[in-house]
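Step one of this worksheet: look at the structure below.
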């Protein structure tokens, strides 16, 4: 009986390591916190692209989240200079998720957060997949609920700011539940 228990224990310890090593994702979430402007100082939930893009190898304590111009980021960006070495906030639509990610990567962005173009979407995450071309992208690509993207952009417009300051990724398991600052319009 003891060898059987040890075998099950090894399987339980081995399986998560195998899944992580092969990149299988089941309900994978990544969190980031807006530090400024203060009226949206919340922890937001995003989902990584399913089969393209990179991963975060480092935690950015303070990095700019720059809304792309034009918002759909399907071609040349008029504010591409500000996206270099920062993270771009892009809207869904007009071209594939991979195309948007490549545009941001070509402008030197460290990652892209693509928000749904349905601003009333406060609960449905879209699975971002490759567009069947042979192209690739190396930077992380995340999907954000439309309501969250809208609220971030609206706050920046109200304050006349060109970008938000965020911390990404955030380990929410180390934050006590009562300290998690969640957007009041989003269900967790």
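From the backbone N, Cα and C atoms, a Cβ is placed for every residue, glycine too.
Across the range of the domain 'PA' (83-163), the DSSP-based residue counts are 25 helix, 14 strand, 42 coil. Residues annotated as domain 'PA' in Swiss-Prot: 83-163.
Annotated N-linked glycosylation site per Swiss-Prot: 171, in sequence order. Counting only residues at least six positions away in the same chain, the Cβ atoms of 31 sit under 8 Å from the Cβ of residue 171 (N-linked glycosylation site).
The feature signal peptide is assigned by Swiss-Prot to 1-21.
Counting only residues at least six positions away in the same chain, the Cβ atoms of 145, 146, 147 sit under 8 Å from the Cβ of residue 121 (site 'Not glycosylated'). Swiss-Prot lists 121 with the feature site 'Not glycosylated', giving a curator's inference as the kind of evidence.
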